[in-house]
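Listed in TrEMBL for this protein:
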BINDING   10, 11, 12, 174, 214, 235, 236  substrate binding site
ACT_SITE  96  active site, electrophile
ACT_SITE  168  active site, proton acceptor
Ligand code: PGA
């Protein structure tokens, strides 16, 4: 089963609107065709509108890094999935470990967000991943499997098949200590196996699973060579024009 690779940059809380404009101006025409790869930038919500204008007529897609699960109402400071969708945003990253750890997001919140994102016609990039303690205790598969099952609860088979799941071991995020190729393959396969158990093999064969955690131009090809790794979610190495473009070299 061939799945189209998806490489997503996650800028986190970095860049001003001007820096974002300059970045998009520099990369927009160098992005490989989206017949070959889906290329996405996850930008801060405050300049999603400018991002969408910047990528118009290019093969670059835009993601929000989070959203709320209600469309409108008295939720001061939150960003509505309906409002984000109205800007033409394609993807929303949800369940990032920084959101879970620093902002107390639960599996239940993430599941509600997944439903809200689909309701608004966008695609979720759903993150999962274990702590170092869980990894060292040999419980990574069990822990991550439970996160994935909880996040996908109640979605249709069609919605799950079109989702993107990002396996990101917390101990590898921003640390320079990336997972081995074998670990990345084993865990991305474990994520796919959970989808197979919950929604059937056909759905599992279609869902795209990314690896994330210290992915760089010099290691991305190793991950992309794994049969169950369909792409990468990249923080630090997505911030500079040269390294972002170099992440896409594996396509050629
Ligand atoms: P990193 O971040 O590439 O800087 O490790 C990945 C992520 O948090 O998505």
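Glycine residues also receive a Cβ, built from the backbone N, Cα and C atoms like all the rest.
Annotations in TrEMBL come from automatic prediction, not curation.
This view paints the features noted in TrEMBL onto the structure.
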| residue | record | contacts (Cβ under 8 Å, 6+ apart) |
| --- | --- | --- |
| 10 | substrate binding site | 42, 63, 65, 93, 96, 212, 233, 234, 235, 238 |
| 11 | substrate binding site | 20, 41, 42, 43, 44, 65, 235, 238, 239 |
| 12 | substrate binding site | 65, 98, 235 |
| 168 | active site, proton acceptor | 96, 97, 127, 128, 129, 211, 212, 213, 233 |
| 174 | substrate binding site | 214, 235, 236 |
Cβ atoms near residue 214 (substrate binding site) (within 10 Å, other residues, all chains): 20
Residues close to substrate site centre defined by 10, 11, 12, 174, 214, 235, 236, Cβ within 8 Å: 173, 234, 237, 238, 239
Binding-site residues close to ligand 1 - of 11, 12, 236, only those whose C-beta is under 6 Å away: 236
Whole-number Å value of the largest CA-CA distance among 10, 11, 12, 174, 214, 235, 236, listed as substrate-binding: 14
CB contacts for the residue listed as 'active site, electrophile' [other CB atoms within 10 A, all chains]: 28
Local Cβ density at residue 235 (substrate binding site) - other Cβ atoms counted within 10 Å: 21
DSSP-derived class (H/G/I helix, E/B strand, else coil) of residue 236 (substrate binding site): helix
